[in-house]
Amino acid sequence: MTIGTLVLLRHGESVWNAKNLFTGWVDVDLTEKGEAEARRAGELLRSADVLPDVLHTSLQRRAIRTAELALDAADRHWIPVHRSWRLNERHYGALQGKDKKQTLQEYGEEQFMLWRRSYDIPPPPIDPADEFSQAGDPRYAAVPAPLAECLADVVDRALPYWYDAIVPDLLLGKTVLVAAHGNSLRALVKHLDNISATDIAGLNIPTGFPLRYELDEELRPVKSEYLDPAGAAQAAAAVANQGR
Ligand SMILES: O=C(O)[C@@H](CO)OP(=O)(O)O
């Protein structure tokens, strides 16, 4: 028996996705293409009759706006919303604001991929005086904001929110939409699908494609699929190739 439906949605293309810059906690907006991706995600939800009862997002504009546009397109703009820094993108440390292609050329393939996709090697910490630091940002005043994170750090800070805020909604049988980011969603997928620290390196989440999970009473996935599997696979391959 399935108990709840979970929909994971990475934000639509952001201005810095389009410029190929490491983004992390920098609060960039969506491009026009990203807005269109968000609306299409909502249309996919509506045509698949996957209608969210509650939304959980990060504190970042690109996820918040994606959820708004998608829910509007699905006529679910009115559902309750919860936001947490624990769903934020992975903090990319001193790489925030750096060009991915230039970083690849400067540091080489191995180091570039260790920073992007290794499980437990964080990028160098950001200097609080860096123009792309979040020091002094009021939304993080009361949280233990990191200076850099590896994916393992994201798993550690996202799972308390999973158990405390998302799971209770799922256990009530709700359809839960989580609008977040490439790496915070990779952390949740790693947990849900029990993916090893090695294999998670190969998982990429495309912008703007709803990923639906049907979960049993113990929150184990019974079924999971993108609502547009072919489009999602193509877009995920493009994420994997960023910087090349
Ligand atoms: O820059 C970032 O914050 C993330 C997501 O866009 O990039 P990557 O896919 O390289 O981890």
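Just so you know, glycine gets a Cβ as well, placed from its N, Cα and C.
Those TrEMBL annotations? Automatic predictions, nothing curated.
Annotated in TrEMBL:
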type: BINDING; residues: 10-17, 23-24, R62, 89-92, K100, 116-117, 182-183; note: substrate binding site
type: ACT_SITE; residues: H11; note: active site, tele-phosphohistidine intermediate
type: ACT_SITE; residues: E89; note: active site, proton donor/acceptor
type: SITE; residues: H181; note: site 'Transition state stabilizer'
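Taking the Cβ of W16 (substrate binding site) as reference, residues of its chain lying under 8 Å away and at least six apart in sequence are, in sequence order, F22, T23, V26, V28. The two recorded residues, E89 (active site, proton donor/acceptor) and H181 (site 'Transition state stabilizer'), have Cα atoms 5 Å apart. For H11 (active site, tele-phosphohistidine intermediate) paired with H181 (site 'Transition state stabilizer'), the C-alpha to C-alpha distance reads 6 Å. Nearest to H181 (site 'Transition state stabilizer') in space, judged by Cα atoms and limited to the binding-site residues R10, E13, G24, R90, K100, is R10. Neighbour counts were taken at the CB atom with a 10 A radius for the recorded positions E13, E89; the maximum falls on E89. Among the recorded positions R10, H11, W16, G24, E89, G182, the ones whose Cβ sits under 6 Å from an atom of ligand 1 are, in sequence order, G24, E89, G182.
Annotation note: E13 (substrate binding site) sits in a coil segment as assigned by DSSP.
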